[in-house]
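Everything on this sheet refers to the single structure shown next.
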Amino acid sequence: MSVLLPVVIGLGVGVVVGALGAGGGILAVPVLVHLLGQSPQNAATGSLVLVVLTALTSLPARARDVRWRDGLVFGALSIVGSFAGARLSVRVDPTVLMVLFTVLLAGVAIAMLRRSGAPRRARRATSGVAEDDLDTAPGKGTGASAFHGRPSALVVAAAATVTGLLTGLFGVGGGFAVVPALTLVLGFGMHAASGTSLLAMILSAGAALAGRWDTIADVDWAVPLLFAGASMVGGLLGTRVSRRADPAALSRAFGVLLLVVAVANGVATALEA
């Protein structure tokens with residue numbers, strides 16, 4: 001295999017993580033499985049390393065978008081679910097795992113596309129988000145908790161646990177589930193959600209990786225590490241895209257991307273079954 005392929009794909013994945021806070025695994029897992037020949041379990045393990053490294057690289061440039069208190073709380077609450085999901089993943093049939101991954105991708109894509117198509121005023125009325133929350137201004141990442149006046153602590157804990165479980169089960173990185181959770185459940189604007197998700201995914205993906213301790217030796221690390229290096233560079237480029245993009249456009253782009261990957265993953269899984 002040419003070293004160029006994982007490098008090129010890694011750059012693309014990094015741009016997505018940096019721009020959308022979407023989690024590199026959303027693209028890395030299907031590519032590693034269907035194009036680079038790794039098992040779903042090994043692809044998930046390699047993907048989690050990619051996600052952590054890329055998020056660490058992208059986070060400093062997105063610091064002004066990060067709601068630090070909320071990100072730390074959400075990430076910490078996701079740790080148990082992430083670890084449990086990782087332990088469950090190694091016991092699930094690989095084909096079943098990829099089918100479930102396809103269903104999850106499609107469901108989140110539809111939810112994000114529906115929300116991005118709603119009028120901006122209607123979204124504010126539904127979520128209770130002020131105009132400043134929709135497009136985080138510099139310095140607001142350290143402000144008051146965005147959970148104030150929104151769902152109860154139980155709802156926040158449940159959302160974090162579920163997103164952690166998905167991270168551990170599929171190896172897709174916290175941002176894959178955290179961005180929808182922060183926007184759809186907690187009412188964050190897209191800039192704040194994508195920035196904060198980078199912080200949360202470091203904790204969530206790290207816990208999921210710890211839960212896969214017995215599969216680490218089985219991974220062919222050359223490909224994931226090439227992915228990671230290129231993805232970190234792409235993450236820096238992605239942050240530039242995010243700062244210039246409209247939040248609604250980011251939501252639509254995220255939804256369309258998820259839908260495309262869902263269709264491609266479903267077709268590839270069916271052909272390989």
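The backbone N, Cα and C atoms fix where each Cβ goes, glycine too.
Summarising the annotation, TrEMBL assigns transmembrane segment to 7-36, 42-59, 71-90, 96-114, 153-178, 184-209, 221-241, 253-271.
Of the recorded ranges 42-59, 96-114, 153-178, 184-209, the transmembrane segment (71-90) has the largest number of C-beta contacts under 8 angstroms with 153-178. Just going by CB pairs under 8 A, the stretch in 42-59, 96-114, 184-209 that sits most against the transmembrane segment (153-178) is 184-209.
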